[in-house]
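Have a look at the structure below before the remarks.
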């Protein structure tokens, strides 16, 4: 398809490769982005799993944090997994000193809420907007969403904790669909990117 | 499979063990010996820290038997930082590994830097919920560790030397052997498995993927930002830095510089900037003057 949307994956650190593969499988043109100028050329952005403190520090250090905030405020579709969910939160309950977020979703998140690596787990998750069987949720030192604002829609919960949300063009999950080979969540995001692009491309 | 819907969450699966390492990619894992160093590492942008009693350069200097660290020290480091904490067990010392798991470390490094406890067997890593990283000097060694349950591999290099030459040798060896497998037809893979002394299924998987089925980092001798970028350009998905940081003149600055160069490993201008005014690097050892008995890379089989 010639009109495939171009979706960047923030490539400062984390499981960038897996997201690139999942996006390509969902019919997007996927590319890693690290520099402010590269942000201008994309229709959507994925913020991968990784270490949220590290990604946030590198984003400040390399001058992409402000440009990212601007684009997200301007309505750029974004999808964050795990660390990416933390970076899209307007507020972190227990931030490391100086830990900044991009924001975009009116929610408060708790880092490593499900525990350390020994508590990392797999569980089936039903996601609103994803048809068929539940997705295999891979939770790795995963955060959960402590509370959401009025404009934020809860898409999934696990044992009473919010693990997937959407607000407008921003989507976030505590777990890692990119590690499973099931690309339905990425397809949902690619559809969001297409829908966002549709009016101007007509 | 809707039958999974009612199943209890499952911990310690291959996917969460290997997936954990995927989250560390593009990052730097730093050796630290106390909470203060752990905080410096975290502030510099490390993706994880390796808690150990002495950095490899000091283990070399002091001699004697090197063992698992004091649980108090490991717990202090776990308390001090929010990034993952790894710790080392001796090769084949599965009780040290059990202790580390009970302390709640995020990854266990079954490491040749410590004195081996078993000269034949490595630990059965499937027996643990905590994932393991292991060292390798070549593809066969890497695949034997994966067959035992390792969820991440690091090329060994020669720890505590500040000399990158062995890290380069081992990473190139692994990459070259993978590239060679790619060119084999199905008939040849059986003999290749025999030559590699590795399970056929893993050999076939590597031949198909063109990479290891787990994350591959580089370790052992990285001392400068350019060293870290070199390992990344050679195909490492991230780097371990041991003595190179806290044996240097200005650890905080060098740590941050190595993180920068690891992220922008293909941008010489950024590596140049990161390399300015770092103060003294660790002195370093020429590996060709190291007696065979002092080569840690020879440990493990």
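Here the Cβ of each residue, glycine as well, is placed from N, Cα and C on the backbone.
Database features (TrEMBL):
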type: DOMAIN; residues: B:14-219; note: domain 'PdxS/SNZ N-terminal'
type: BINDING; residues: B:31, B:160, B:221, B:242, B:243; note: D-ribose 5-phosphate binding site
type: ACT_SITE; residues: B:88; note: active site, schiff-base intermediate with D-ribose 5-phosphate
type: BINDING; residues: B:172; note: D-glyceraldehyde 3-phosphate binding site
Task: Among the D-ribose 5-phosphate-binding set B:31, B:160, B:221, B:242, B:243, as the record gives it, the longest Cα-Cα distance in Å - done: 12
Open item on the list: With an 8 Å cut-off on Cβ distance to the B:31, B:160, B:221, B:242, B:243 Cβ center, who else from the chain surrounds the D-ribose 5-phosphate site?
Closed with: B:55, B:56, B:57, B:113, B:159, B:161, B:162, B:220, B:222, B:241, B:244, B:247
Task: Separation of alpha carbons, residue B:172 (D-glyceraldehyde 3-phosphate binding site) and residue B:221 (D-ribose 5-phosphate binding site) (Å) - done: 15
Task: Set of same-chain residues at least 6 away whose C-beta sits under 8 angstroms from residue B:88 (active site, schiff-base intermediate with D-ribose 5-phosphate) - done: B:50, B:52, B:68, B:69, B:108, B:109, B:110, B:111, B:113, B:114
Task: Length of the line joining the Cα atoms of residue B:243 (D-ribose 5-phosphate binding site) and the residue listed as 'D-glyceraldehyde 3-phosphate binding site', in Å - done: 22
